[in-house]
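In what follows, a structure is listed as structure tokens, so that the remarks can point back to it.
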Amino acid sequence: MPTPPFTPPLPSLAFSVVGLYNILGPRFTLAAGCSTYVLYAGSFLYYNHEQHQAFAIVAGAILGIGAGFLWAGEGAIMTSYPPPHRKGTYISLFWSIFNMGGVIGGLIPFVLNYNRSEAASVNDGTYIGFMCFMAAGTLLSLAILPPSKVVRDDGTRCTNIRYSKVSTEVVEICKLFLNWKMLLIAPAAWASNFFYSYQFNNVNGALFNLRTRGLNNVFYWGAQMVGSVGIGYILDFSFQSRRKRGFVGIGVVSVLGTVIWAGGLANQLGYSHEDLPSKLDFKDSASDFAGPFVLYSSYGLLDAMFQSMVYWVIGALADDSEILSRYAGFYKGVQSAGAAIAWQVDTHKVPLLTQLIVNWSLTTVSYPLLIILVMLAVKDEQKGDEASANPASVDKDSKPL
């Protein structure tokens, strides 16, 4: 069967859909987003038989909108449902489950292409299997409890979502662009997906052969699971003071990021667009494979730690679902805009060394801004500082989280 064309989805339109979480609530926001993934997988199944690209292209555009629904809803839930002292744990749990999909997605091409020099198309059963999992996720999202029904294990409850109006949400979203907290987060949001095109195309794609790229992705996404758990522990358990945990978490990620990007610089000095090395193979390249492999896996580790850290900071700014849904949507909107620009940068063959320096600089600039944000806006937890902390106010229909 022919290999379906890769049709990247439109960048998540989180700016335009974030307000819908406060209008539709978590169930329908998530279900609407998840359903577009079923359509996208179905378009590849269709292409396997008809070889018409139009459906896949349109499905990719729809998926871009659906991803905005999904990520805005996911961000609001991940940052507002947990108790303040366990947000890092919940973020790492989400990130681990999320990246398990990436691990599986790396295993499939590794197995299919183990003895091939050209990419193989998966069979119909693989696409149908993905569609079934995605459809199940869509249905399960309808079981998500609204914030007013969530009771945490310490007896506190989430804030009650007051369903909003479209006009109200438009005004509130516009205000985010003048919100000093969001302006401090914007560089980190822009940087957080900007490096993907460089890492995927110009490290994994440029240095390794077909089957090894699949294996590398297994470890790239697996390292993300490890990184999210590690930074989640630091942000929840390292110190009693929430602000101190934030400072330490940002410090750890900044030091690790500097080391990893420095390793990337050393690696990048050895090749360019005009002078690409021979493709490395995990079995045949011996010691030449080890260094770039560890570097690429470390990029995955850093990605998870960086994004989990930013989500934790966002979650520490408020405990209200409505506010956090807007903050998370702003983050995803800026992130997606940065990713869209980054892919264009790569398409225009900007020198690889320049791409690395830009990526390193963007992440580095974000660290002091996040420290300032934690210093000015994050408060240490105190008993009873949540408006919903009274267990006596729990409804009989509420369920513990």
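One is the number of the first residue shown, and numbering goes on along the chain from there.
Note: Cβ is positioned from N, Cα and C throughout, glycine not excepted.
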Task: Annotated range (TrEMBL: transmembrane segment) out of 30-47, 336-353 - done: 30-47
TODO: Would you mind telling me which of 53-72, 173-192 TrEMBL tags as transmembrane segment?
DONE: 53-72
Task: Top Cβ-contact partner of the transmembrane segment (218-235) among 30-47, 53-72, 93-114, 126-145 (pairs under 8 Å) - done: 93-114
